[in-house]
Amino acid sequence: MNILKGLLASAAILVPAIAMAEGETVGFSQIGSESGWRAAETTVTKQQAEERGITLKFADAQQKQENQIKAIRGFVAQGVDAILLAPVVATGWEEVLEEAKDADIPVILLDRNIDAPEDLYMTAVTSDQVHEGMVAGNWLKEAVAGEDCSVVELQGTTGSSPAIARKKGFEEAIADAPNIKITRSQTGDFTRAQGKVVMESFLKSEGGANICALYAHNDDMAVGAIQAIKEAGLKPGEDIKIVSIDSVPDIHLAMKAGEANATVELTPNMAGPAFDVLAAYWKDGTMPAKWIQTESKLYTSDDDNAAIYESKKDLGY
Amino acid sequence: MMKSTLKRVMPQIIILALVLAANVLVFPGFFHIEFQHGRLFGNLIDVLNRGAPTALLATGMTLVIATRGIDLSVGAVMAIAGAVAASAVTGGAHWTLALLMALAAGAACGLWNGLLVAIFRIQPIVATLVLMVAGRGIAQLLTEGAILTFNDPGLIRLGAGTIAAVPTPIWLWIAVACLTGFVIRRTALGLLIEAVGVNETSSRLAGINSRVLLWAVYLVSGLCAALAGVIVAADIKGADANNAGLWMELDAILAVVIGGNSLLGGRFSITASLLGALIIQGVNALILLSGMPVEFNLVIKALIIIAILVIQSPRVRHSLYLLRASTGPVLRDRPARTAPRTRQEEGQS
């Protein structure tokens, strides 16, 4: 332990000198490859670092917290200038973040928050998932313009925080619109396959003609549901309006074809705002707020979906 | 032959009928099937169609379990096969070639499992656990972690298309099951597999080449899993390495168990396992149609499965038999044939 402390101390002394010499080094502990969105986040983070001349040290934790803790210890020992952490779980970070703090290395959380004292990290860059649901709900309110509309909902994995938050946000948005009602709500496990299966069941139990809109907690389930709607002989996007969240490339392809209506972006660019914050901190020591909310941008069929698809398709979604 | 099979699967048929009846209770139009846009459209068709992956896996799994083995890798093999097929068609290959490549990948996985079990004598649960864990990683490597989408109409037809208005997956699982059943039961293979499952050493001493047989059952299981994987990928026009076939091995084992097959090997019935797969899918349909809050999904499923397994347990079945035997002479000739078997099953466990 003493050796480690010694190492940390020497690293802390050496760091500024290195930083002055050749651009900053930032360690990034990524969760692993759990979804296409996360792959895109990794790609964008690397791009952002390159644009700013930051050397990025990347560590893939393969969905294990102990790997992330090891990676952070490694970054501290290497004396990086800052650490980006996409935490796989919310708890158990105090000790390792304490070590980073002792070494004066700022830690920025990406896309998820943790249960730890706020002084252990510089800031958290996340989207507000309740807000995402509200953006989707508000779009639907405008789209139906007061007409009666029964909505079927494809929820995310039961009990997961995005599923709970996105459901809540949507319900809050349509609370003051008595014309919009959620008639069926089931989990599609955030996957295409299950989204399709559950939509098939909705189409039969409700009757395709009685469904006015589909709200899916992510685009993948919406893509699956679109196929189910087509196989039932209905026109997705016209007979049934489709709004979902994430803005993955394939939903833009569907929107271009008129088969989906709107999506709310969960931006993979969490690192950009984080690097901005770091640049300000390195320049004159400005401390940011404890939470930086990323923009939940709404894309509809009015946008140039072909161009958006082209810009997103190589990000690794 | 036919009559004894019917008697063997009677509990499963009754349970399936009950599950379907429950479906009608929550949704009266459950049995309504209409012809729409060139395909049969209805909840019953959905059960048969969505049950296809489980049914295919259960076919292979029944044989593996009959040899006293287990194949935990089928879910991962599904992901690999889907990824292979998707990367083949996106690379410009014809869909038949893509299908063959996926089947070859499944066969290779099956042979690997068979090698570990039959030659290296590693316990099946451990041997197949290797591929269960590593296989998904291989699939993720192939798709680079993303959903690899394709638009080849031939391949898509295997999962989302129809033949004579009936969804293709239904044809596929019924064909595979019939073919397997025919080969197994019209030759001595079935008997030999049961012999290996009951006592491998004595079957080897009796001159049965147990190694080849073990190898063969894992091969069949790998092939079935590969076909299931292609169907699942074709259904969503994309190979989702993270989620395709996830936890499906457990559904397949459950289907075999609901089919009344013993995990200790020996006597088996593929028909009963297939009915087990349909029962599971029937329960899934029931949950979807019931419109209950999602938090209840797994609770409902667990309760139904527990009920099914308890009803099938030797003790309850014996009590039922005693009850029936005491009610009158209607079932005169049955006791003699049922009683010893029950005792034998108890003896095994």
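Using N, Cα and C of the backbone, Cβ positions are placed for all residues, glycine too.
Note that the coordinates shown come from a computational prediction; the quantities given were computed from them, not determined experimentally.
Marked as transmembrane segment by TrEMBL: B:12-31, B:51-67, B:74-93, B:99-120, B:127-150, B:170-192, B:212-234, B:246-264, B:271-292, B:298-316.
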_Tell me if the transmembrane segment (B:212-234) touches the transmembrane segment (B:51-67). I count contact as 3 or more CB pairs below 8 A, with pairs 6 or more residues apart._
yes
Exercise. Return yes if the transmembrane segment (B:127-150) and the transmembrane segment (B:12-31) have at least 3 CB pairs under 8 Å (sequence gap of 6 or more), otherwise no.
Key: no
Within the same chain, the residues 6 or more beyond the ends of the transmembrane segment (B:74-93) and with Cβ under 8 Å of it are 53, 57, 60-61, 99, 101-103, 105-106, 109-110, 131-136, 138-140, 142-143, 148-150, 152, 155, 221-222, 224-230, 232-234, 238-241, 244-249, 252
Exercise. Would you confirm whether the transmembrane segment (B:12-31) and the transmembrane segment (B:271-292) meet the contact rule of 3 or more C-beta pairs below 8 angstroms, pairs 6 or more apart in sequence?
Key: yes
Per the Cβ filter (under 8 Å) with a sequence gap of at least 6 from its ends, the transmembrane segment (B:99-120) is approached by 69, 71, 73, 76-77, 80-82, 84-85, 88, 93, 127-128, 130-131, 135, 155, 158, 210-212, 214-227, 229-230
Spatial neighbours of the transmembrane segment (B:271-292) not adjacent in sequence (6+ beyond its ends, CB under 8 Å) are 5, 8-9, 12-13, 15-16, 19-20, 22-23, 26-27, 30, 43, 46-48, 50-51, 54-55, 57-59, 61-62, 173, 177, 181, 251-252, 254-261, 300-301, 304-305, 308
